[in-house]
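Enquirer: Provided herewith is a single structure, encoded as structure tokens, for subsequent inquiry.
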Amino acid sequence: MATEEISLTQGLNPSQQSSSLPDYPQMILEAIEALNEKEGSSMSSIAKHIDSTHSDLPASHSTLLSHHLNQMKQMGQIVMLNNNYSKPDPNAPPKRGRGRPPKPKVPLPPGVVVPPPRPRGRPRKPKDLLAPPKSKSVSTGRPRGRPPKKAKTGAATAPPPPPGVKRGRGRPPKVLPSMGFQ
């Protein structure tokens, strides 16, 4: 893995390097200058130009080309607009990063000592030396929080059915109160 990354950054494997083949960034810049397209040169046109000018390219030419194009784009050596690569305009302002730019720092006059930065967070309250010390626990006679539930007594629940009778499935039928009709 490490040897692949090294070979990608150098352009060619050490066994395939030859003195006649320049490195990829140089070939890419030469191709962009030679093509001299107004809107910039596409990756395929750059690849075709390099292929026509240099005959002894490695088998991984397309991978190396895309890697070096991306690397040069991130470093600012070339600019990509509408999938076309071109040289950056020297009169264009430098590309700004994301977010708000930092405030300009005013240089301090010589001999001024810079105080250490303030610690983060809310500052601590100053201790009042004249105040009486607080007692840690103020007891009211009962513990804090919600009281525990009381255990239920057996009188409130219905007695279990006799052991010989099985209950049927579902809700039991409603028991009608016996009326004295005769």
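Residue positions begin at 1 at the first shown residue.
Yeah, the Cβs are placed from backbone N, Cα and C, and that goes for glycine too.
Whatever TrEMBL says is automated annotation, not expert-curated.
Under the heading compositional bias 'Polar residues', TrEMBL lists 1-21. Positions annotated as region 'Disordered' by TrEMBL: 1-25, 79-182. Residues or ranges marked as domain 'H15' by TrEMBL: 20-89. Residues or ranges marked as compositional bias 'Pro residues' by TrEMBL: 104-118. The compositional bias 'Basic residues' annotation in TrEMBL covers 143-152.
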Enquirer: Could you put numbers on the helix, strand and coil content of the compositional bias 'Pro residues' (104-118), residue by residue per DSSP?
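Expert: Counting residues by DSSP class gives 0 helix, 0 strand, 15 coil.
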Enquirer: For the compositional bias 'Basic residues' (143-152), what are the DSSP-based totals of helix, strand and coil residues?
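Expert: In the compositional bias 'Basic residues' (143-152), the DSSP-based counts are 0 helix, 0 strand, 10 coil.
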Enquirer: Could you count the residues of the region 'Disordered' (79-182) that DSSP puts in helix, in strand and in coil?
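Expert: Going through the region 'Disordered' (79-182) residue by residue, I get 0 helix, 6 strand, 98 coil.
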